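Participant: Take a look at the following structure, please.
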Amino acid sequence: MVKNVTVIGGGLAGSEAAWQLAKRGIEVDLYEMRPKKNTPAHETANFAELVCTNSMRSNQLSNAVGLLKEEMRQLDSLIMKAADETAVPAGGALAVDRDKFSAVVTKTLKDLPNVHVHEEEITEIPKDGITIIATGPLTSDTLAEQIKEFCGTDSLHFFDAAAPIVAASSINRDIVYKKSRYDKGEAAYLNCPMTKEEFYNFYKNLVGAETATLHGFEDKNVFEGCMPIEVMAKRGEKTMLFGPLKPVGLEDPKTGKTPYAVVQLRQDNAASTMYNIVGFQTHLKYGEQKRVFSMIPGLENAKFVRYGKMHRNTYIASPEVLNANYEARKQTGLFFAGQMTGVEGYVESAGSGLVAGINAAREALGEETLFFPKSTALGSMANYITTTSAKHFQPMNASYALLPKLDYKVRNKQERHLEISKRALKDLEAFKEEKKLD
């Protein structure tokens, strides 16, 4: 019986998988090529580095990703523990201090006696033993080529982007105001109000701004959930008003009126010295970011701590390659996890690592691998990425659309979602008990 598992990749999925393996007594060899070899998006050597936003989205049980988080908490997720421990104010959402978050994950794993960390690049898929490949959408070229060959299909890709971060001390507090939309949760966001004239001047400059060159980039290959603000703007002058610049529920306390448009800033670290511009993922040249984003009221003298940037993300054709336990169909003992499987988002990525980690541990212990109930967020994601049409396969966030409908009617959408979440948690509890999952 093999009681050793190799995990390749120390991102969110690989870190969660390593934790799930280690807590079940498995000896884990965790390989991470950083800092010896870096990627276009990473900036540190820490595990579970957040390269895009610091938000893990909704924390509400009436939201699919909120349900996913709760399921993961029920299964003793390291990523959720670290996120809850390093949370910063974000209204009804869960946002974290990104540096503290990755530091907690890194220290936890490195302190475990049965997790052996190797700072080196893996260039081939191991043929023997049990392995989890969780190298993420920025997998090194050499290993990516091996994975492509193993899958027997062309790898798919999309382009992802990160939003700029500004120094809190450079924000004009005479203009911005603190408020969460509809006053949900604590007043966690700084809001930059725009008049109609200010909005259209900003819009005109944004669509005319110069973008950086990126090989192979096309607007159609942008993931909808992380679309660059300039791409969104080019879809129509009012598109942003129904997206990140939506003003509803954000009345300006100085005037008592709703602005024409509002740009929100979200706290990026626990010390509240940095804020990111919500929804402003971008591929503009750095000079253009400074010029155009300084037109936002309150950011006229903004100091940019980090400019937005874009990178290419690669993922595999999971419907042709994986079973819903995240194990490869043509090689027993080889699992894939994380964004490269086609789940999209920090929490979703970690969730896939959780399931892959549990299953790799069970295989190492000579137990049957598990297929989580389709009525749970974890099970519905695994089911989607392995059964959907390969021809039209695209990355997917957690969604109620993936979960079975209720067998009774609930008219109110929020209440209906809550009922689906309650059913999911009940089914997960029964599944845990039946399969003796701790």
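Every residue, even glycine, has its Cβ placed from backbone N, Cα and C.
Got these off Swiss-Prot a minute ago, pasting:
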type    : residues                                : note
BINDING : Gly9, Gly10, Gly11, Leu12, Ala13, Gly14 : FAD binding site
Participant: Is it possible to get the count of other C-beta atoms within 10 angstroms of the C-beta of Leu12 (FAD binding site)?
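Facilitator: By my count, 33.
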Participant: For the binding-site residues listed here (Gly10, Gly11), which one has the lowest count of neighbouring CB atoms within 10 Å of its own CB?
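Facilitator: Result for the binding-site residues Gly10, Gly11: minimum number of other Cβ atoms within 10 Å at Gly10.
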Participant: From the centroid of the CB atoms of Gly9, Gly10, Gly11, Leu12, Ala13, Gly14, the recorded FAD site, which same-chain residues not already listed sit within 8 A by their CB, in sequence order?
Facilitator: Val7, Ser15, Glu16, Ala17, Glu32, Phe47, Ala48, Ala134, Thr135, Gly136, Ala337, Gly338, Ser349, Gly353
Participant: If you skip the near sequence neighbours and keep only those at least six away, which residues in the chain come within under 8 angstroms of Ala13 (FAD binding site), Cβ to Cβ?
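Facilitator: Within the chain, Ala13 (FAD binding site) has Cβ neighbours under 8 Å at Ala134, Gly136, Ala337, Gly338, Gln339, Ser349, Ala350, Ser352, Gly353, Ala356.
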